[in-house]
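Annotation comment: TrEMBL describes 1-360 as domain 'Major facilitator superfamily (MFS) profile'. Per TrEMBL, transmembrane segment is recorded for 12-35, 47-66, 78-99, 106-125, 137-156, 180-203, 215-235, 247-266, 272-290, 311-330, 336-356.
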Amino acid sequence: MGMLPVIAEDLGVSIPAAGLLVSAYAFGVLVGAPVMTLTTGRVPRRTLLVGLMGIFTLGNLLSALAPEYWTLMAARVVTSFNHGAFFGVGAIVAASVVAPNRRAGAVAAMFMGLTVANITGVPLASWAGESLGWRASFWGIAGLGALAMVALRLTLPHGQVEPSSDSGAMKAELAVLRRGPVLAALALTVIGSSAMFTVFTYIAPILKEQTLASAGFVTAMLMTYGLGLTIGNWLGGRFADRSVDRTLIVTLAGLATLLVVFAGVMPWQAPAAVVIFLWGVASFALVPPLQMRVMTAASDAPNLASAMNIGAFNLGNAIGAALGGAVIGLNLGYPAVALAGAAMAGAGLILVLLLVRREARVVTALPARC
């Protein structure tokens, strides 16, 4: 996100056009999640994970070498194809090795790598993009991907979490995607994620143009946001183990409120910094309960649904980036971008309340039918 202005300037495109690179990655995840999950069911897990990391590494190499905008967009799509299968299967494995009342915490621990990357990787990439050029960031990420391939090859044991070869399992995985509760949970993930990325996609230009921030301040705020994500992820896991729905209600309400406040404090660095941290907390406190809602609704065949939820998260990224870009394109100003994100969070809150009310009615009606 922090590299968008640098990429836009170097490739001669607008900020909203550069934001579509985020959308391209997100749509690649959405397509890649089911494709990779369904077509790799018989591949040994160690081989699969190394191969998926190879796709990630190749995509970043192509990004570093991209001569123009559309080539870079294609490279981002290639990079994205590993994402859904990686995190979808990882969430299932993490939840399966702990007691039922600790599953959300285990999922949160699995996602902790993403939040730590936001503390260190995103600000470092932003700094490298400003100082060395955006291509240097992609070269560095590709190098890390190559190291990860070696680490996976050396550390993952043979025969661990082997896939099922039952063709009926694939049909069961596909069947759960037709269930109303699963589709509702996926829709909630799309809305919640779009609320976050409507604004975060454009955090660098917002800080530079509204807050009049230096490159150093932008990097510091990305680290601050990443710290908030890490704390929010941990809190979301802990509270979701007590109540998934209550955690969703509180975090969505908090996210909507914080984005409204952010629209008002953008010109001032100190209050903006506080809100950015709290916004990060609220954003990733959503992730464990959102993942748990999908996994619970598809508990008898969760692999594809879990991967699709990662795809839904990235579809929300794409919708959010497009929505924020549309607001900017209409010259409504950066505060309006934050308000658009708040509106999406409000829509998610309404959906959760409707789902909770509907599920309560179903539970109440069951004894009467018996």
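Keep in mind that glycine also has a Cβ here, set from the backbone N, Cα and C atoms.
Curation plays no part in TrEMBL annotations; they are all automatic predictions.
Computed from a predicted structure; not experimentally measured.
Counting Cβ pairs closer than 8 Å and at least 6 residues apart in sequence, the transmembrane segment (336-356) and the transmembrane segment (180-203) reach three or more and so form a contact. Per-residue confidence over the domain 'Major facilitator superfamily (MFS) profile' (1-360) averages 84 (mean pLDDT, predicted model).
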